[in-house]
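Engineer: Can you keep this structure in mind? I'll have questions shortly.
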Ligand SMILES: Nc1ncnc2c1ncn2[C@@H]1O[C@H](COP(=O)(O)OP(=O)(O)O)[C@@H](O)[C@H]1O
Ligand SMILES: [Mg+2]
């Protein structure tokens with residue numbers, strides 16, 4: 001043994017200049033010589049080592065097996081350590097290069113398009129509500145604790161493995177080879193591997209289950225919270241942003257949470273444990289590693305971030321080239337029309353050469369980085385073996401100790417590089433979590449339930465001195481001291497120019513918003529005294545210019561008006577809405593699926609389905625907001641007939657642009673700049689020769705004839 005170590009030192013020193021080609025190579029060459037392998041084996045080895053330096057990141061598995069096989073024949077220490085070296089090289093290289101390729105470029109544009117995401121992660125994005133997190137985790141706390149215990153067990157076994165391997169090597173190298181202690185060590189190692197396998201499977205499964213249950217609970221809480229938010233909440237945000245929180249953010253939050261337990265907890269425990277174990281073997285050698293490794297990791301991290309920047313630039317250039325080509329090819333007629341082909345080719349050439357330049361720079365960076373990390377890792381192993389050899393020569397260390405030390409150091413290296421990748425993930429996960437929690441905790445001003453639910457409603461509405469500004473634009477008063485009376489069972493019409501505030505009146509009746517000042521009264525009581533869901537579900541029907549239908553069957557769309565309606569009631573409502581006929585003409589009748597990837601229906605048909613829905617609801621109060629203004633004359637007639645049937649006997653507020661549709665109203669109010677400027681019957685208003693009379697005259701001349 002002594003001879004071997006000495007021989008090793010001599011040759012290693014002699015070949016110090018070849019460190020760059022891989023310590024593993026040197027060590028293997030050394031061993032091959034020491035154990036007097038033939039020249040052919042040595043050449044094979046050198047060839048494999050030579051190619052290692054260039055292709056290591058591409059085929060680490062193959063190489064580690066190949067080199068380990070050869071080395072195993074030479075010496076167990078090197079066999080195990082060489083496999084470990086390649087493993088850790090691979091983890092280190094992939095951990096630092098991987099984010100370059102895929103993470104950054106996807107993140108960057110997303111952030112820039114969504115300013116409010118940025119705001120959220122900027123202000124409170126890094127602070128997480130731990131109380132809420134605990135509340136969401138508590139139901140599964142036992143499962144989670146079991147997962148943590150299993151992960152820690154795996155970490156513990158991982159710390160023990162090098163120690164057991166060390167005793168095995170000692171048993172092998174002890175004089176004459178102590179077979180019974182060799183057997184004992186081997187059995188313990190098998191036991192450790194089995195424990196490792198079982199507990200790994202256990203913690204991964206448990207964490208998966210806990211993670212999914214957690215995500216389910218978060219999604220549900222979030223969706224519930226979104227459902228009860230005020231309409232103003234939706235005015236302020238893009239729906240894509242809200243959906244993102246429900247999907248991407250929850251996903252990211254869940255996976256970071258899982259990673260923290262599986263990767264973080266396990267690796268940190270492993271690193272600390274291995275460090276202690278190494279220290280027990282040799283304080284001096286551990287000291288050497290403690291100085292060298294963090295320094296090089298710091299340098300590596302800095303280099304890694306500059307690589308990421310280079311990768312981002314390269315991706316941006318590629319994106320620009322693509323969008324440039326897309327634009328030119330998409331507008332080929334214009335390009336041809338101006339005879340600009342050669343100029344476009346020159347421009348494209350400019351972009352592609354820019355791409356090439358940046359990508360080559362990146363390739364060089366990755367090359368230097370990968371080569372450098374190999375050099376470093378080889379250097380560390382060489383240093384350990386060399387210095388360990390010195391210690392062995394002084395009888396201060398056994399071969400088993402050296403083995404234990406080497407494997408422990410690889411465990412630490414792996415643990416550190418895994419943890420460094422985790423760090424970024426944790427920051428992103430906390431950002432995602434705080435965005436999710438922000439919505440879960442968001443309060444709404446108008447509750448969904450609570451308040452009066454009278455059996456009988458008269459349906460009289462009054463706007464008393466109402467002033468209102470939209471929460472998104474508080475400085476613009478849309479309604480100013482607005483007065484309006486809609487007596488029970490009567491039809492009142494609102495007319496006036498676009499932007500006057502007519503639809504806002506309808507929104508206030510539905511209590512989508514509350515007035516800033518003044519009150520909206522229903523049967524003499526403030527609207528806020530009533531149960532909002534009762535008001536919307538039963539008391540008020542609302543039909544606007546563009547009814548929204550869901551991507552489900554016609555039948556379900558109509559039944560949305562009253563979910564407990566029987567099929568016969570649905571058909572009857574459709575008949576009254578002049579919709580039964582066209583629905584029956586569809587091959588699948590009422591089972592026809594509408595909307596996305598389903599059948600699309602015309603504006604008039606849509607409107608009649610919406611009317612059927614309102615008929616089913618049978619509300620006391622009906623609001624028609626420009627219900628027919630988007631329709632052609634033919635469908636307008638059909639829809640108007642259906643509307644006439646619907647409005648009979650109810651309190652109705654009609655908002656109309658075309659004055660012909662509101663002449664029959666009991667009262668007509670002209671809205672201008674957020675106020676009612678005139679009110680009366682059609683005849684009274686014509687006689688008064690005011691704004692309404694002007695509007696009517698205008699429309700007659702403009703649209704060629706309405707009977708006045
Ligand atoms: N959700 C909203 N958020 C902010 N401002 C709005 C919103 N809806 C309408 N407005 C503004 O309020 C004013 C009145 O709008 P609206 O009541 O829809 O007018 P009308 O129905 O009479 O055409 C307009 O200036 C419009 O820009
Ligand atoms: Mg409107």
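Including glycine, each Cβ sits where the backbone N, Cα and C put it.
In TrEMBL, annotation is done automatically, which means it is predicted and not curated.
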Engineer: Labelled transmembrane segment by TrEMBL, one stretch among 244-262, 263-281, 320-338. Can you tell me which?
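Structural biologist: Here TrEMBL associates transmembrane segment with the stretch 263-281.
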Engineer: Please identify the range among 77-103, 104-130, 185-211, 212-238 that TrEMBL labels transmembrane segment.
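Structural biologist: The listed stretch tagged transmembrane segment in TrEMBL is 185-211.
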Engineer: Could you tell me which of the ranges 141-165, 391-415 is annotated in TrEMBL as transmembrane segment?
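Structural biologist: My reading of TrEMBL: the transmembrane segment range is 141-165.
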Engineer: Which stretch, out of 56-76, 287-307, 434-454, is listed as transmembrane segment by TrEMBL?
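Structural biologist: Matching range for transmembrane segment: 287-307.
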Engineer: If you check TrEMBL, which stretch out of 362-387, 466-491 is marked transmembrane segment?
Structural biologist: 362-387
Engineer: Could you pull out which residues elsewhere in the chain have a CB under 8 Å from any CB of the transmembrane segment (141-165), counting only those six or more residues past its ends?
Structural biologist: 80, 185, 188-189, 192-193, 195-196, 199-200, 202-203, 206-207, 209-210, 213, 261-262, 265-267, 269-270, 273-274, 277, 400, 403-405, 407-408, 411
